[in-house]
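Peer 1: Sending over a structure as structure tokens; questions will come in a sec.
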Amino acid sequence: MFPSPLPGPPATLLVYASVDEAQDVLQRGTEFRINEDNFTVHQMFWTWDESAALSAAVSDHVVLIGRTVIQETFLQRVADVQKTGAKEVARADDGRALVLKMLDAAVADRLLAENGTAQALRARLMWLTDAAADAVSLSRFADSQELRYSLRSLERHAPWVRRVFLVTNGQIPDWLALDNPKLTLVTHEEIFPDHDHLPTFSSPAIEAHIHRIPGLSEHFLYFNDDVLLGQPVWPEDFLVPGGGYNVFLAWRVPDCALDCSATWLRDGHCDAACNTESCDWDAGDCVGVDPNLQPSPAPDPADEDVDHNAEEHLVDLELGNNSRWEPEGIRPISELSAKERHYLGNDLNPVDQLDTYGLSLLKVNRLYNRRYGPEQRRAVAHMPHLFSRAVIADLQATFADEFARTSAARLRSGDDMQFAFAYFYFLMSERDRVPVGDIFDTIDTDDSGTWSDREIRTLLTKLRVLPLTREDLDRMWALLRSCAEAVPAAADLTTPPGERYLDSNLPVITKEAVLTCPELTTQMERSLGNRTRYPHRVVDASELVSFTMVRSNSSLLVGALDSLRRAPRKFICLNNNVGAAPESETRLVYALLVDFLEALFPRPSQFELPANYRNRFQHVSELREWERQRSLLRVATVLLTLLLLASLLHGQLWSAVCRRRRRAARMVVEL
């Protein structure tokens, strides 16, 4: 027994022989009654992070971390501990961490005081709450070799990529060619300015710092390891000709509350359905207002179509899915994963059922509603994206507090700044003020310094509702005439010949005349006074991305993978949602995945070691230590070589001096 971080009596640790047995217990229920006592069962994970939420130290357990924990030689070094009853409780799949149960707390303390290659830390158990279940799902940490094949696809379909930065918490795949000059390993410590935020298991926290990678170019492509390239990809796929960025959008972001359409927010009416904290009280419309006294807007036919379509094709509209996929049949809600429940516009999708990813989308959407105004936004497609370090810096300077909280979070949460969504809607929404003088120059297409009648008509099309009327023209001419007459005529500026209509009686319209005309400048600033800071173009990603949710149902997976074999799209995403399936099913699913990936990318990339070769190091810290020792050895070798050369040179010089002295002595004797 040990203290529990939850209210109630101390906790008792139950250890099962396999994951399958533990899952079988959890599937029977989490509430049990034995004799007259009630018990609640929680799934837990071993950790050594003292800052982990809902965790408690287990005094007689220790965690050994390091390469040598899998070597018998290390266990022999603590033979005295073994003799006193040490027992292996758990071992990481990669062999880099080992949990030992000691005879008692005193024996554990003795091992903690030992100095060795492996680091010994106090073991802690972290309770898996519902909120953290998605953040620490086993499928998030399972290795089904996607990274290996993602690099193969990159080399095959994007040979123009100059360098690859692999961001890791320190682990090194055993097949990775560390000596490849195009590959750089980057640890979290190298990109997190505040090391108090480490260790982290939150991908949004890591993504918030990827632009800090040393040596990274101004523009870079960001891949998740579950994304592959199915067709040739070029920089032009991510850039707009003439300047700007392509923004790839997918499905519609869920409404902030059930039955609250985004078009109802901040429309001047307090709508009862939107009068919730998640909707910012109807984006401010309900602040100080009784919603029962406000009429609700008429239903939007477009919203009705969306709702009807979502209900009719409930199984086809999946969160994060950019393309069609084969329905699996109707199942109870309790059997659906968090992402399957994350549908749009239907009764199965109240806000409190969203996973952490969906909640973080709503958080950023609410934040942007306040800054840029409500709109119906769409999620960013799950594919590689081109990012700019300057835009990221601008984004994080604008929302500094929000990104600081995201960075500090150890686990994913609904309060995170969802990186890609926040980045691209910031890029699309930020605007700059345009001086009236710049607007004048834009309209002055012939660069004469004056406005011709044709240019004035162009201005009118931007200020008035089309079609233009004769009254619009007369009012503008009268306004321009009065503005021109109010300033001295410029002797060096004239309207080019042929640039006035036959019935036009306008004087020369100069920039000075426009800038000193308040009524006209007000109209120009209102209609043309701001522009998008970052040029961009929105692209529908539905025909470019194949999104496949990988589950434990091998029959359905085979069909989905065969569809990808038949017609691979430019970007392929294999999202691992296997979860805690029985080990036999998991092995079969991963075997099917590897078979599919090997069919698409059979040729090893330059980033892989030759067959039958494995990395000597499993962790970056071991690699860095070896590199440090190698550098010291090189320095020592160079110094010894220099010392030897100096010794030889000194010997030669001394011999030469001695020979000269002997020659001089002989000359004296002969004289």
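Heads up, residue numbers simply count up from 1 along the chain you see.
Backbone N, Cα and C atoms are what each Cβ position is placed from, and that goes for glycine too.
In case it's useful when we look at the structure, here is the feature table from TrEMBL:
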type	residues	note
DOMAIN	140-241	domain 'Stealth protein CR2 conserved region 2'
DOMAIN	254-286	domain 'LNR'
DOMAIN	381-429	domain 'Stealth protein CR3 conserved region 3'
DOMAIN	562-619	domain 'Stealth protein CR4 conserved region 4'
TRANSMEM	632-657	transmembrane segment
Peer 1: Can you work out which residues elsewhere in the same chain, 6+ from the ends of the transmembrane segment (632-657), have a Cβ less than 8 Å from its Cβ atoms?
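Peer 2: None.
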Peer 1: Write out how many residues of the domain 'Stealth protein CR2 conserved region 2' (140-241) are helix, how many strand and how many coil, based on DSSP.
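Peer 2: In the domain 'Stealth protein CR2 conserved region 2' (140-241), the DSSP-based counts are 31 helix, 20 strand, 51 coil.
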Peer 1: Reported in the order helix, strand, coil, what are the DSSP residue counts of the domain 'Stealth protein CR4 conserved region 4' (562-619)?
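Peer 2: Summed by class, the stretch gives 23 helix, 8 strand, 27 coil.
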Peer 1: Mean pLDDT over the domain 'LNR' (254-286): what is the value?
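Peer 2: The predicted confidence over the domain 'LNR' (254-286), as a mean pLDDT, is 88.
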Peer 1: Of the residues in the domain 'Stealth protein CR3 conserved region 3' (381-429), how many are helix, strand and coil by DSSP?
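Peer 2: In the domain 'Stealth protein CR3 conserved region 3' (381-429), the DSSP-based counts are 30 helix, 4 strand, 15 coil.
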Peer 1: Just to be sure I understand, if DSSP states are collapsed into helix, strand and coil, how many residues of the domain 'LNR' (254-286) fall in each?
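Peer 2: Across the domain 'LNR' (254-286), the residues distribute as 13 helix, 0 strand, 20 coil.
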